[in-house]
């Protein structure tokens, strides 16, 4: 039929015009048009046509499956129940296809009890019915129930296809169920003769990747080495497993073996091996891979590969190479702009990072949260309040829903630019303040000679019942040191002890510095004597010894300030 033919090639509008052109379309044409709308994700149009059909023709059983699919797409429980009611009212006995469509709809909208009831009441179930129920449980996060249904499927000797096996394997790995994953693997081995070579390879690759997710790298490697035929996905899965295990040398060697076997790499392989080169600090190998890409003109999915290349260049501080990679990229995307901006910002070239940001806007690209997470720190790094305020204005005008990280970057930028009043105004307006936001604001006050305000803000953390971390304590102690407030310093030290926060070199040094500056050399000495690692603060020991001998008249530890 022409209506369906046009829909199949993406011309759903033409299909609609053809349908509307018929003076009296029959029930088959109505059903076809409803199915075409549902298949092209025009769910509302599918539902509307279903309602209209009821006034012109008696509904047939064929119309309900696409309508139920539309209900799933719209996530409409109410509409789905109405359609189910209409099926019952019309006297249709749900066959396995219609029953599975109902089951799938209830599962998609989260009504698992209804889905399970339908499943249990089905006189005949096929593999699609079983798969739908398993998928419903997995989709809603009830992995245990999904595995229970899978086990029942095995016990009832239902022929399980590789699609169901892959879903169950992915669910096991996602929940860290290694034992269950091995059971799925065992079943696959016992039934592998029933699968085609292509499907068997897909399942083996899936299992390898899932073992990697469960951190059972030995099982993944054993499976990989036992493969009779390895394709690019097999090699990529193994390289990814090596990377996750931090075995970057093995990952690079696997890549070399892959190339030696004549298998062409894809974008996923390229990104994985570039990550290996970055971690190994193998610039030469990374450049070779880049050269190979240029030579073979691997330009598909470059928006996926370019960020990995730029990240590698940035890690090696090869900013010229970074710029060359970026400028020779034919089709730039927001992701590639973000990567080059981040590369310069992270390597201290904040001014150039901001120049790239300006150029990005001139070329019509719209910054996202990742862009802002690099440009705002760049403004703070060079204390460019004007540029920071302009970016803030852009955020406001664009109506960004800011992540916690970007909000905190905005606070930090204003603090580093010396505008603590603006930062504090933003801080007070935040609906949700995580501990990082509190730390940024306390540190901002302390850095801008407002140590008293920093200590007051620190006190509010405890009043609000929040849990301070080692960064909070560090900045608050440094503020006490700057103020010379021994009372507040002792109070914060007490909070450190009762909080159970693990101290580190910086926090211990700050405590010693604070007590020494405030004149309590005895307590400074006690903190020092309790240190497990004293070599990193040997200057403090020298200071304390000199002060004890009376060679210094005024306590001072400024050279030890963190």
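Keep in mind that glycine also has a Cβ here, set from the backbone N, Cα and C atoms.
Sequence annotations record features per position, and here TrEMBL assigns repeat 'PPR' to 126-160 (among others). Here the repeat 'PPR' (126-160) has Cβ contacts under 8 Å with residues 96, 99-100, 103-104, 106-108, 110, 112, 115-116, 119, 167-168, 171-172, 174-175, 177, 180, 184, 187, 191, 194 of the same chain, all six or more residues outside its ends.
Per TrEMBL, the feature repeat 'PPR' maps to 231-265 (among others). Per DSSP, the repeat 'PPR' (231-265) is made up of 26 helix, 0 strand, 9 coil.
Here the repeat 'PPR' (333-367) has Cβ contacts under 8 Å with residues 303, 306-307, 310-311, 313-314, 317, 319, 322-323, 326, 374-375, 377-379, 381-382, 384, 387, 391, 394, 398 of the same chain, all six or more residues outside its ends. The repeat 'PPR' feature in TrEMBL is assigned to 333-367 (among others).
Residues 404, 407-408, 411-412, 414-416, 418, 420, 423-424, 427, 475-476, 478-480, 482-483, 485, 488, 492, 495, 499, 501 of the same chain lie 6+ residues outside the repeat 'PPR' (434-468) yet bring a C-beta within less than 8 angstroms of a C-beta in it. Per TrEMBL, repeat 'PPR' is recorded for 434-468 (among others).
Among the features that TrEMBL reports, repeat 'PPR' is placed at 504-538 (among others). Across the repeat 'PPR' (504-538), the model assigns an average pLDDT of 82.
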